[in-house]
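A.B. asks: Quick paste of what TrEMBL says about this protein:
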BINDING   ASP11, ASP127  Mg(2+) binding site
BINDING   CYS90, HIS92, CYS98, CYS100  Zn(2+) binding site
Amino acid sequence: MSEKNKAVFLDMQGTLGGTGIDDISNFDFYPFAIEAIKELNRNDILAVLTTNQSNISRGYLSQKDFDDKILFLKRKLCENGAHFDGVYCCPHTKEDNCSCKKPLTGMVDKVVKELNIDVKNSFVVGDMGMSDIVLARNVGAKGILVLTGVGKGSLSEFRHTWEQYEADYIAENVLEAVKWILKTSNENSI
Ligand SMILES: [Mg+2]
Ligand SMILES: [Zn+2]
């Protein structure tokens, strides 16, 4: 019997580091983000980075600079005994009419196939309601909004951009989000 994997689809800027609206040149992990990923690894929940990087299509960020940054982050995780199970990036702008720019489901659809994911028992964690929480709804996963990055703005001045949606949980940060996920997962498996 092949059992399906549970995954957490992690947003990058504003969730794992940075301010949420910054470009990635100065991006580095929040210290607690490494711990959060480590907790997922320990509990056999796949940690999958899913990020929109429209600056690539706009020509402000090269694919190589993005790849180099990911390599830097992977090394840092490795030094701390943690890892990503997958890294998926949408390089497009809205005008490119792709199917992968969050909240569209292209990236998650791909992960579900490639990594054999049980999407109903999986989670999207992010700081932007209109992309991360709406994505969770679009794929049928649970959505957790973090208050780092633009998370607080998502609940106030930008609430109208995802007003028909609710987060399943609102967490201070990604580590608290992961703790909630582990608690929820354990309750469901009893
Ligand atoms: Mg973000
Ligand atoms: Zn795309």
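Placed from the backbone N, Cα and C atoms, the Cβ positions cover glycine too.
Source: prediction; values computed, not measured.
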A.B. asks: For each of the binding-site residues (ASP11, ASP127), count the other CB atoms lying within 10 A of its CB, then report the residue with the highest count.
C.D. replies: ASP127
A.B. asks: What does DSSP say about CYS90 (Zn(2+) binding site): helix, strand or coil?
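C.D. replies: Its secondary structure by DSSP: strand.
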A.B. asks: List, in residue order, those binding-site residues out of ASP11, CYS98, CYS100, ASP127 with a Cβ under 6 Å from any atom belonging to ligand 2.
C.D. replies: CYS98, CYS100
A.B. asks: If I take the alpha carbons of CYS90 (Zn(2+) binding site) and ASP127 (Mg(2+) binding site), what is the distance between them in whole Å?
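C.D. replies: Spelling it out, the Cα of CYS90 (Zn(2+) binding site) and the Cα of ASP127 (Mg(2+) binding site) are 17 Å apart.
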A.B. asks: Run through the Cβ atoms and count how many others sit within 10 Å of the one on CYS98 (Zn(2+) binding site).
C.D. replies: 16
A.B. asks: Whole-number Å distance between the CA of CYS100 (Zn(2+) binding site) and the CA of ASP11 (Mg(2+) binding site)?
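C.D. replies: That separation, Cα to Cα, works out to 14 Å.
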A.B. asks: What Cα-Cα separation, expressed in whole Å, is found between CYS98 (Zn(2+) binding site) and ASP11 (Mg(2+) binding site)?
C.D. replies: 18
A.B. asks: Using Cα coordinates, what distance in whole Å links ASP11 (Mg(2+) binding site) and HIS92 (Zn(2+) binding site)?
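C.D. replies: So the Cα of HIS92 (Zn(2+) binding site) lies 16 Å away from that of ASP11 (Mg(2+) binding site).
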A.B. asks: Using the Cβ center of CYS90, HIS92, CYS98, CYS100 as the Zn(2+) site position, which other residues in that chain lie within 8 Å, going by their Cβ?
C.D. replies: ASN52, PRO91, ASP96, SER99, LYS101, LEU104, GLY106, MET107
A.B. asks: Using CB under 6 Å from any atom of ligand 1, narrow the binding-site residues ASP11, CYS90, HIS92, CYS100, ASP127 to the ones that qualify.
C.D. replies: ASP11, ASP127
A.B. asks: Under 8 Å between C-beta atoms and at least six apart in sequence, can you list the same-chain neighbours of HIS92 (Zn(2+) binding site), or say none if there are none?
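C.D. replies: In sequence order, the residues whose Cβ lies under 8 Å from that of HIS92 (Zn(2+) binding site) (at least 6 apart) are SER54, ILE56, SER57, CYS98, CYS100, LYS101.
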